[in-house]
């Protein structure tokens, strides 16, 4: 047994030595390789049989290597150049591989994100479907109306106060008596936290006929106790609307409308006296009404102290009569410190909205006083029965503004020369405030 083991060990050592020598010197040991493979081995070791295919592969590799080296020797380049080319080629391949890897990674990340978003959208859509489509529609509608609701709430919160009035109709005299009793909880429009309220009363659509209460100074709860009478036949009263507007008086600017109340006469039981409170509503802002234009000429002679005012013509006057025309005439007042010193007036022009006058009026004014006076020009509609209503008004003087001040300055800069200019008529109240005239 010991002898057999020693014999197998010797065979193994010989085989190992033979393979090593073949690797280093393959051509010198081709013949012995065949004898080694044909030796019988009793121990059953198949290591020599496994070496046969390995030796064939090595031969092929060696042949390819020899061919490659032969081809390299044929290339007319030095070895270092070939090595450099190989290194550059390897680097290029490496960079290409890195770029491809990065692109693949980026695509994977994008796909993951899109999948995540898709999942979220799916969840949201499920939530929407679960809540129901009708609910979404309702939410959209409520979203659109939220702004409107806020505006309505703001309007409701903005309280303008209230007014107490009375109505009484006399069927025998055909007249409506409107009583303005008091107002309460008015907003403060002045700097001191108060207001100077008064009330205007109209029986629309006729704005020509209006009444005004007295101004109650520095109060938010004024008491008026004033009555006004409108002579209206009962048959015509159904088409009328009573309007009561509360204003804040301001001596130096336009009066602000605090609020108003409108009463449709068709909804009022005139068989008995009515007395009630009503909340004031905000007045709708109306564009300024066009009253017409007037052309005047001014001439001043300093040495003689003589001012000549010529009323030339007017155009596009407001319609004041039922027939759509007016009977206009012009009043000229000479004022100083809000006091009327002298008064002149033109003739009446019947049934026209574009009257032509060419009438002159003279006033004696010393040169040292010319900067202290104002000339007020008022266009009125003549009425045989009732009061003559003012259509519009302007004034010129050193304290005027706009075209009126420019006209006055041109007159003083050009003594003895008549200077003519057109002026747009303004509401009577606005001009009276600017002049400081009393109500």
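Positions of Cβ are set from backbone N, Cα and C atoms, glycine also.
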Look up 6, 358 in Swiss-Prot and give me whichever carries the note N-linked glycosylation site.
6
Quick one: which of 75-101, 102-128, 129-155 does Swiss-Prot have down as transmembrane segment?
75-101
Write down the residue from 46, 399 that Swiss-Prot flags as N-linked glycosylation site.
46
Cβ-centroid neighbourhood (8 Å) of the Ca(2+) 4 site, 321, 327, 381, 383 excluded:
320, 326, 328, 382, 388, 389
How far is it from residue 389 (Ca(2+) 5 binding site) to residue 248 (Ca(2+) 2 binding site), counting Cα to Cα, in Å?
23
Chain-internal residues near residue 327 (Ca(2+) 4 binding site), provided their CB is under 8 angstroms and they sit 6+ positions away:
321, 348, 349, 350, 351, 352, 381, 382, 383
Can you tell me how many other Cβ atoms are located within 10 Å of the Cβ belonging to residue 248 (Ca(2+) 2 binding site)?
19
Taking only same-chain residues 6+ apart in sequence, whose CB is under 8 Å from that of residue 189 (Ca(2+) 2 binding site), what do you get?
195, 248, 256, 258
Alpha-carbon distance [residue 190 (Ca(2+) 2 binding site); residue 249 (Ca(2+) 1 binding site)] in Å:
10
